[in-house]
Amino acid sequence: MGDDSNDNDKNNNGSQKSEEDEVYYTGLGAQGKVEETVFSLLYIMVKENSFHQILAIIFLIVEDYQVLNFVFRTEWFPTMPHLVPILVDVLSFEMASVSFLRVLMILMFILVIAVISSAIYVAISFHAGRFKLMWPILILRNLTTFLMSIFYIPVVHIFIGFIVCSDGYLVRFEEVKCYTPTHLPFFIGSIIGLCLFIPYTVLMSSVFVDPLPYNKGNPLTKASGREDLIYCFFRLILIVLENTTKVLLHSSAESLYLLSIGIALMDYKVLRHHPLHNSTFNRIRAGIWFGIFISTIPAIIFTIKEPPQSHWPWILSLVLNIPGFITGFFLSIRFHKSVLSGIYKRLREKKMLEELTLEKIKNNEIDPEDLENDHVAQSLDRIATTKFIRTKIKVYECEEDCELVCRFVRYNRNPEAYQLMRLLFNEGIKQYPKDAFVFIQYCFYLFSMQNFNKDYTLLDEGENKTTPYQLLERAAKLKPAFDLRFFISFATQTMEQIKKSKELDSSKIDISTFVELETLESSAIKFHISTLTEFKSLFKKLKESTNPKDCINYVSSLKKISEVQKLADEQYVRLLTKFTGNKEARQMYYLFLKDVLNLPEKAAKYHTDDKVLKMLNDNKGNEANASGSSGSNSNNKIDDPNQTNEKNEITRVHKKSVCYSKYDRELIKELGYRKNMKNVFIKPIEKYASFFERTIYINFILLVIGSIINIIIFYHISHTLDDFHVSLKTTYLVDTLCEEYSVLQLEGIAKFENSWNDLKNRIKHNAEEFENELLELFNKFSSFDPTGNEIILFYSEQNKPSKCDLNMYQVGYMIDRMNTIISTTEYDFNKPESILFDTPLRFFSDNEKENFNIVLSKVSDYILDELNSYINLQIYIIIGTTIITTILYIVSTIFGLNPLLKFINKLQIEVLRMFRHIPPEDIDNLIDKIDKQKEIIYLNFNVADENKNSNKKDDFMMKRKIINNIGRCYIYLSIFLLCGIMVFIPTYYTDYSQIEMIDLIHKSSKRFQLVKSIFLFTLETKTQNRLVYLPGETERLLYSTINDLKDLQYNIRYGKFKAPPSIEISVLHDLILETSCKRKTQEECDKRQFNPEIGYTKAISELPLDDLITYYINAAKSYIANNLNNSPTNFYNVSSCIETLVYLGANKDIQLMGNIQDDIIDGLKKFDQIIIQLLKSKNISAIEFSIILLVTCFIINILVYKFKIKSIVNEKINEMNDLITLAFMIPRDVINKAPPYKDFIETGETNDD
């Protein structure tokens, strides 16, 4: 009887155990590996995704009210302030500039890429079991939450804003041309961003929801994400429709109509189905959407009729949100009560009908078969005399009601609530037997209740005995949609996680801890077994070796041993640091430290588990018995078994006390031997590694210094370019003064007092510009040597000119001084000779031919030389730094890396040769010991033997890996060198282009002087001032200047100098090839006075610059042809001066040339300014790229050195340490049998004779 009861207890326990140990297939629901990987990603994102309630409400309000941006538009509310759309949608960026939106677009693009990258990384890592870090999950969760809620509309708006164009311009920014070089990157980036963003958000909107009905940490849990999916598409269609109608119909009213209809339908779904588990949030959303619907009504009215010019329409629309919200809030409460009361009413009616039917069946009033066969008559008498109406009552109006009606269990979890929940869901399964949604929600609620109180399962009888996992299996067979398949997978993984928590005696293990625990456990065990397998493989090779040279081939085994041993130790340390109470992990790590790393002193810290103690004591007991029996046989002693056991026990206790002291002495001695061996083998390696490391750091420091010097020089070049730009207009400005003073002198002699005063006022502007901008420049770049700077000075007292040499600053000072004198002197118009022989006026007329041009052009030459010296210095720095770093890398390779790798290889071979002194039978014992250790792991820790079949291909691959590692060291050094060269590429490229462009603008600046000189000499051909020019000299100078300008223009246009042809320089395209106004500002362009009579029209004025210069040259030639024989002006005769002035003012060619030269001068200024700005922008870009490349190079160098080169060196050092550890794995009694090996252990010497 007792046996039977025991058997019954065992059966009961077994059945109970089978229920508790129900196996959950976490891949249930997934169709294929890809979907399983996606579900793994979604599970880790959704599981335990917590939200603070206040933050959730804020997100919900901001997200939903964003659609009000489609309501409050100035298109139908013209008087509305611009602040209103910003208030209703703080993230609309309606008032943002295009530059700000470009920055936002880049940030959004980076955000989308970051989300997709994080998703891929987390999915692959989690599915492959390599998941280790929490921050990718946090980033992915938070970014996805932001993108799905408050950033959804802004992201789509910004991307589409850079895509939609109309009439060649962006719809959102009418001043931005489409498909230009500045627009294309943002256009392409926006398309890529949308192509990534839309599928991701569509996917996440349907499944990035927490379906668990009882999750206190997340107030946004919901049974399904399909409402979110509809809402996602609704917002997307709104934005697309708005931009489409703006292009096609030039109106966005259609999007307002769609918003009104769509938000009404969405609000009805919220009122009817209450998608969120939290009723408060459902009411808030219903209120918000109903308020939005009400606020659209005034806006729709004023899209149809003309809006009044008052504020009340938009104020009304805004204020209507408040009563709309209140109405929607209370409608949600009423709808919810109505739906629930209707379900309970129909359920009661059905139960009453079922009870009435059962009662009629008992009374034989109804045949049960009639309930299944409506058209079968079992009795004609009964049918004729009995009235029976078949009534079918549907409890639920839709499948969502099955879940909605059971939400009471979130607040009431007593047994009655559990039974009612099962009753309601069972009714739902009867009504919807082919709807997977009902089965899945049933599973969630059932599992949640049973997990809350496991005794609830005792309430289930008969058909109610269905388990949550069985419900999921039934749902999976119904071919559910993608989101439902995910919820099936989510449920199975949730149940597996909770099951694992119970196994580890933990109340709760979160998702990251659960994944990390499984990953660390499996990887630690795998690497532990791999290490034992590699030890066994090496000992086999050593045993089978017949030639000392074979040890060269065993170095590859050391590499693999070192790798797996290090990985196993790291995994165990991480596992025990994270899960300190994990007994199995402590047991495994103890075995690893004791038998693999041969660190008994460290292993003792983890030797606390009874299971391991028993395991080891049993093993030792077996060995002791074997050795005891062999000893007794050898001594030929036969004792009584009882006496023998007593003696053995006494002896064992006695020896145990003695053993510890002896063990301590042996351990101290062994530690000393190890320390000595590390000094012999490891210290020399560290010296080589230290030398190599110092060389690498010195190289990088040199690279940084060279880069910093180049950056400083770039700043000097940019500053000097400003001076260079100013210096280019020196000769032009002085020639202008000469021209104006020449006319001024004529007007003074002619007694044109008003014209004299007007011209003096105009001259004052040029004189001030000369003083403010050029005088300081002359002082800065002038040399003290005046040789070759000949200037003519006319002294009125002596009435004769004299020549003197002045340096550049002195000439500039004289010009400034003469300007001041002329502007402040009151001339006597009744004395023409006082004006004719006035020293300041004669100073300009006497030197206008060539003296000023020769002297003052040197300032730009000096600055050009300084710029070239800066550029040459940069080139010298590039060459010098590259040569020095290359030499240092070669030195570090020859005297650091090569000797290091050779020395390590030599030591490894020498140590491996020492193993050949160990007797083969002792190596067999070591191999047997390793096999036993592996069997202990296989039997006691339930791991698969994945390494029983060795593959010779691994050895070959490991040898190749060692060779590749050494080869990669040299490749990495080459990367260092290329990195150093790469840092200077922006400098070299910029210097090369700067040399060309600086030479171009230096040559181009001569056009200022030539254009001005042509006009000056044109005037002089008429004036014929014999005090300055000889007969025919002005014509010769004019012809010469025209030819010089023509040749210079040709050389610049077709690239005869260092620079490329000007017509091929893209930044100059609009200036020299397209028609445009050349003046400085649009105001000056509008002030131009065209005169068709002289040939100065808008078409001529806006000719391309090169064509305008050609036209100017032709006009000068035309003037020469029409004025071959001009009589000289008699400066002593007032009427002669008047005649000359009248002619100059009336001559059409001169008037035309005067107007055109103004356009040309402004065009040439733009030409130089464009090139200067281009050079400065290139300098800035070069500085930025140099800094970026330097930082990149620094990061690459650090990463390559720390994680590649140094890791390879550290691997070699670890291999030596592991080899030393391997050497001490040999038992002491075996070491004593091999004297050479004993000397090696005690002294570290490897004399293998």
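Placed from the backbone N, Cα and C atoms, the Cβ positions cover glycine too.
The feature region 'Disordered' is assigned by TrEMBL to 1-21 (among others).
Under the heading transmembrane segment, TrEMBL lists 54-72 (among others).
Summarising the annotation, TrEMBL assigns transmembrane segment to 100-124 (among others).
Sequence-distant contacts of the transmembrane segment (145-164), counting only residues of its own chain at least 6 positions beyond either end whose CB sits under 8 Å from a CB of the stretch, comprise 49, 59-60, 62-63, 66-67, 69, 89, 91-93, 101, 104-105, 108, 111-112, 115, 170-173, 183, 186-187, 189-191, 193-194, 197-198, 200-201, 204-205, 208, 228, 232, 235-236, 239-240, 243-244, 246-247. What TrEMBL lists as transmembrane segment is 145-164 (among others).
Outside the transmembrane segment (184-209), and at least 6 residues removed from its termini, the chain residues within Cβ reach (under 8 Å) are 42, 45-46, 102, 105-106, 108-109, 112-113, 115-116, 119, 144, 147-148, 152, 155-156, 158-163, 178, 220-222, 224-226, 228-229, 231-233, 236, 482-483, 486-487. Per TrEMBL, transmembrane segment is recorded for 184-209 (among others).
What TrEMBL records for 255-271 (among others) is transmembrane segment.
Look at TrEMBL and you will find 283-302 (among others) tagged as transmembrane segment.
The feature transmembrane segment is assigned by TrEMBL to 314-336 (among others). Long-range neighbours of the transmembrane segment (314-336) within the same chain, counting only residues 6 or more positions beyond its ends whose Cβ lies under 8 Å from a Cβ of the stretch, are 68, 71-72, 77, 79-80, 84, 88, 267, 270-272, 274, 279, 282-284, 286-299.
The average per-residue pLDDT of the prediction over the domain 'TmcB/TmcC TPR repeats' (496-611) is 71, rounded to a whole number. Marked as domain 'TmcB/TmcC TPR repeats' by TrEMBL: 496-611.
Summarising the annotation, TrEMBL assigns region 'Disordered' to 623-647 (among others).
Marked as compositional bias 'Low complexity' by TrEMBL: 623-636.
The transmembrane segment annotation in TrEMBL covers 696-717 (among others). For the transmembrane segment (696-717), the list of distant contacts is 867, 870-871, 873-874, 877-878, 880-881, 884-885, 888-889, 892, 976, 979-980, 983-984, 987, 990, 994, 1179, 1182-1183, 1186-1187, 1190, 1193-1194, 1197, 1201, 1205: same-chain residues at least six beyond its ends, Cβ to Cβ under 8 Å.
Residues or ranges marked as transmembrane segment in TrEMBL: 875-897 (among others).
Outside the transmembrane segment (969-989), and at least 6 residues removed from its termini, the chain residues within Cβ reach (under 8 Å) are 696, 699, 703, 706-707, 710, 714, 874-875, 878, 881-882, 885-886, 889, 892-893, 897, 901, 1181-1182, 1185-1186, 1189-1190, 1192-1193, 1196-1197, 1200-1201, 1204-1205, 1208. Residues or ranges marked as transmembrane segment in TrEMBL: 969-989 (among others).
Sequence-distant contacts of the transmembrane segment (1180-1200), counting only residues of its own chain at least 6 positions beyond either end whose CB sits under 8 Å from a CB of the stretch, comprise 696, 700, 703-704, 707, 710-711, 714-715, 718, 972, 975-976, 979-980, 982-987, 989-990. Per TrEMBL, the feature transmembrane segment maps to 1180-1200 (among others).
Of the candidate ranges 255-271, 283-302, 875-897, 283-302 has the most C-beta pairs within less than 8 angstroms of the transmembrane segment (54-72). Packing against the transmembrane segment (255-271) from elsewhere in the chain are residues 67, 70-71, 73, 76, 227, 230-231, 234, 237-239, 241-242, 245, 282, 285-286, 289-290, 292-293, 296-297, 299-300, 303, 328, 331-332, 335: each is 6 or more residues past its ends and has a CB under 8 Å from a CB in it. Beyond its flanks by at least six residues, the transmembrane segment (875-897) meets 688, 691-692, 695-696, 698-699, 702-703, 705-706, 709-710, 713, 969-970, 973, 976-977, 980-981, 984, 987-988, 991, 1205 of its own chain at Cβ-Cβ distances under 8 Å.
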